[in-house]
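*Asks:* Attaching a single structure in structure tokens format; questions to follow.
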Amino acid sequence: MNPAHLLVLSAVCVSLLGAANIPPHPLNLINFMEMIRYTIPCEKTWGEYADYGCYCGAGGSGRPIDALDRCCYVHDNCYGDAEKKHKCNPKTQSYSYKLTKRTIICYGAAGTCGRIVCDCDRTAALCFGNSEYIEGHKNIDTARFCQ
């Protein structure tokens, strides 16, 4: 074998070994973001929902402060059920869906992790689209309002 080819092959193998230790990206979050963009008013971005109320974003505690925050509360619980009851990993679970006629269709057999997680995301995204966004509930003091 040509020494140059051997060197390239060795570099590829080392790269692949290193990649095996990289944790998976939360790919379904990309799907969830696309669903949210599809259902919310045009003047909003999905990022404006990332730190809203007590439950939209990482973690959550206390009582939801409004209907939109309740959407996130229900979504968090849906993911929790998917993990506990069905042994799914919602943050890395891939799934198939279609955005059509102002609704979202999830594909896959009922009861499979992909379908369960898609249904969680679908329900939350549609809820976002039907709930009022209150500017004063963005970036709230969670230590004060979410007990």
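The backbone N, Cα and C atoms fix where each Cβ goes, glycine too.
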*Asks:* Given Swiss-Prot annotates Y55, G57, G59 as Ca(2+)-binding, which of D76, D81 belongs to that site as well?
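*Replies:* Looking through D76, D81, the residue Swiss-Prot assigns to the Ca(2+) site is D76.
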*Asks:* Taking C146 as one end of a disulfide recorded in Swiss-Prot, give the other end from among C13, C42, C54.
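*Replies:* Between C146 and one of C13, C42, C54, Swiss-Prot records a disulfide, namely with C54.
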*Asks:* Which of these, C72, C78, C88, C106, shares a disulfide with C118 in Swiss-Prot?
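*Replies:* Checking Swiss-Prot, the candidate bonded to C118 through a disulfide is C106.
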*Asks:* Just choose from C72, C78, C88 the cysteine that Swiss-Prot connects to C56 via a disulfide.
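*Replies:* According to the record, the bonded cysteine is C72.
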*Asks:* Restricting the comparison to the recorded positions Y55, G59, H75, D76, which residue's C-alpha is spatially nearest the C-alpha of C118 (disulfide bond)?
*Replies:* H75
*Asks:* Radius 10 Å, atoms counted are CB only; among the disulfide-bonded residues C54, C88, C146, which position scores highest?
*Replies:* C54
*Asks:* Using a Cβ-Cβ cut-off under 8 angstroms and a sequence gap of six or more, which residues of the chain neighbour C71 (disulfide bond)?
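*Replies:* Long-range Cβ contacts: C56, A124, C127, F128, S131.
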*Asks:* What are the sequence-distant neighbours of C78 (disulfide bond), meaning same chain, six or more residues apart, C-beta distance under 8 angstroms?
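*Replies:* In sequence order, D119, C120, T123, A124 meet the Cβ cut-off.
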*Asks:* Which of the three DSSP states, helix, strand or coil, fits G59 (Ca(2+) binding site)?
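*Replies:* In three-state terms, G59 (Ca(2+) binding site) counts as coil.
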